[in-house]
Amino acid sequence: MKLTCVVIVAVLFLTACQLITAETYSRGEQKHRALSSTDKNSKLTRTCNTPTQYCTLHRHCCSLYCHKTIHACA
């Protein structure tokens, strides 16, 4: 009888642990999805320099090419 009670308590404890872990994981996953969506939106709305505008890096230009010598977008 005591062994049966111990086994039942152990099963209930392990089930509760799994449910808590699953709930925490799903919440974290949802937060991650929200951040991912925000990141995608920021990439879609980024501004870039048009040709002949000043640049220092390729990513500043809409064409993704910056002339190193004249520091202008292609």
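Backbone N, Cα and C atoms are what each Cβ position is placed from, and that goes for glycine too.
Under the heading signal peptide, Swiss-Prot lists 1-22, citing sequence analysis as support. Same-chain residues lying 6 or more positions outside the signal peptide (1-22) and placing a CB less than 8 Å from one of its CB atoms do not occur.
Per Swiss-Prot, the feature disulfide bond maps to Cys48-Cys62 (among others); the stated evidence is similarity to another entry. Annotation note: Cys62 (disulfide bond) sits in a coil segment as assigned by DSSP. Long-range Cβ neighbours of Cys62 (disulfide bond) (same chain, at least 6 residues apart, Cβ-Cβ under 8 Å): Cys48, Asn49, Thr50, Pro51, Cys73.
Listed in sequence order, Cys55, Thr56, Leu57, His58, His60, Ala72, Cys73, Ala74 are the same-chain residues six or more apart from Cys66 (disulfide bond) with CB atoms under 8 A from its CB. Sequence annotations record features per position, and here Swiss-Prot assigns disulfide bond to Cys55-Cys66 (among others) based on similarity to another entry.
Among the features that Swiss-Prot reports, disulfide bond is placed at Cys61-Cys73 (among others).
Least packed by the Cβ count within 10 Å, out of the disulfide-bonded residues Cys48, Cys55, Cys61, Cys73, is Cys48.
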